[in-house]
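Here the structure is laid out as structure tokens; the discussion comes afterwards.
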Amino acid sequence: MQTAARMAFASCARLLPSSPSTLGSVRARAGVSFLAPPTLPAAAARSSRNLALFCTSSPSPQTEAAVAAPAAASGGEEKAEPTVEELAGLLDIRVGRVVKAWRHPEADTLYVEEVDVGEAEPRTICSGLVNFLPIEELQDSSVIVLANLKPRNMRGIKSNGMLMAASDASHENVELLTPPEGSVPGERVWFGSEEEKDRQSDPASPNQIQKKKIWESVQPHLKTTDNCIAVLSEHPMRTSAGPVFCKSLQGARVS
């Protein structure tokens, strides 16, 4: 502020007579602390007042607006971080049906499944469920699929999605999430009340899911309730036929 005042004073001083009294008047009106000048003749005082007011260091409203505009553009209010619910809305979670399942020929812990998720062809998905689920239970089962993950090469087989499951804290017990009876393969799952289905956002692309770590941000907030219902915080996972659940795991993590 002092620097601006000195600049204003220097600019105005060149326009004024070299009279010490006149110069003192401008200094005083420019907002710089100097000793008060001696009394001026009336005409000189009026001239000095007019010029000092013209050269005052206080910015005009127009100047303030011009300075504020770039400040708002460069800084302004920071955009709010998306909520967990908003991030979950970017996941493409669908009802699926396992058409065919077999053991991975190169990995002892992996099954390979062909899963109908409402597309022209079933998706190939690899799942580490051999130690937790007999293949007979997997065949023809209704499942929940996270469909917009980037494809991963799993020992020579490209996996295009993930079967979602609940597991206990020790990860010794794992159960697949199950859509309620009457759910249709390909239907997109959502979180919350029945009315919120129509407010779903479009799913993010697999690249966005990976780059912004959307799944990693949402997953810690997924669990099962005492009734084995899958929830996001307190919002139930739903299809049009009702809530998604697991068989028996309560308070389990979902992944």
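Each residue, glycine too, has its Cβ placed from N, Cα and C.
According to TrEMBL, the protein has these features:
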DOMAIN    87-190  domain 'TRNA-binding'
REGION    185-213  region 'Disordered'
I'm checking region-level scores; what's the whole-number mean pLDDT for the domain 'TRNA-binding' (87-190)?
97
With DSSP, how much of the domain 'TRNA-binding' (87-190) is helix, how much strand and how much coil, in residues?
6 helix, 44 strand, 54 coil
